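Residues or ranges marked as [4Fe-4S] cluster binding site in Swiss-Prot (evidence: sequence analysis): 67, 68, 133, 162. As annotated by Swiss-Prot, region 'Disordered' applies to 200-224. Here Swiss-Prot flags 203-212 as compositional bias 'Basic and acidic residues'.
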């Protein structure tokens, strides 16, 4: 599996975001095993244990922009029970949160505030872009709306829909957990490579492309 390596670039200008240099590399743990099998296996076990704890205890930041936020909060109700995934502890401060959900329309005036909130979150941190407006601007192709929050934030998971159902948000959360389980992060600021290795995860659209094309018994609009 290919990984995307991101390193901090101290010489980057302040307006560049995310600040870092990216390149496609192989799994660093496999390279470590080839060099020293004992240390490589030990690092693999430690990394797996740390990632397991991170992905099963994700604290979301209580933040919303538009109607998609209503669908996100619905996922916290009893019928959906987001507590099954360990993500029910909503934080009122970005300094205590693990991930942020950009749910709704992001206006240009709001972009600096969102970026400031993201910068206040401590590492490791992740971003879920929820809804068509957050993903690409949606139907608001106008001067006042940012055409996708990935213009100024590093997005980990995109949840399509206008607005997405709570089930779609839960699937996005599970995809984020899967991605976190395969991440390679430094165990300490003084131990190991300080770069962040993220697995190159294929999109669900591409994974199900052949399955959807093979469908021939299409239902009428009255039956959907």
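Including glycine, each Cβ sits where the backbone N, Cα and C put it.
Note that this is a predicted model, so its numbers are computed, not measured.
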Long-range neighbours of the compositional bias 'Basic and acidic residues' (203-212), counting only residues six or more past its ends (CB under 8 A): 158, 175
Using Cβ atoms only, which residues of the same chain lie under 8 Å from residue 133 ([4Fe-4S] cluster binding site) while being at least 6 residues apart in sequence? 65, 66, 68, 104, 105, 106, 139, 140, 145, 162
DSSP three-state assignment (helix, strand or coil) for residue 162 ([4Fe-4S] cluster binding site): coil
If you count Cβ atoms within 10 Å of each one, which of the binding-site residues 67, 68, 162 comes out on top? 68
Under the DSSP assignment, what numbers of helix, strand and coil residues are found in the compositional bias 'Basic and acidic residues' (203-212)? 8 helix, 0 strand, 2 coil
Near the [4Fe-4S] cluster site, what residues other than 67, 68, 133, 162 in the same chain have a C-beta no further than 8 Å from the centroid of the listed C-beta atoms? 66, 71, 103, 104, 105, 130, 131, 132, 134, 138, 161, 163, 164
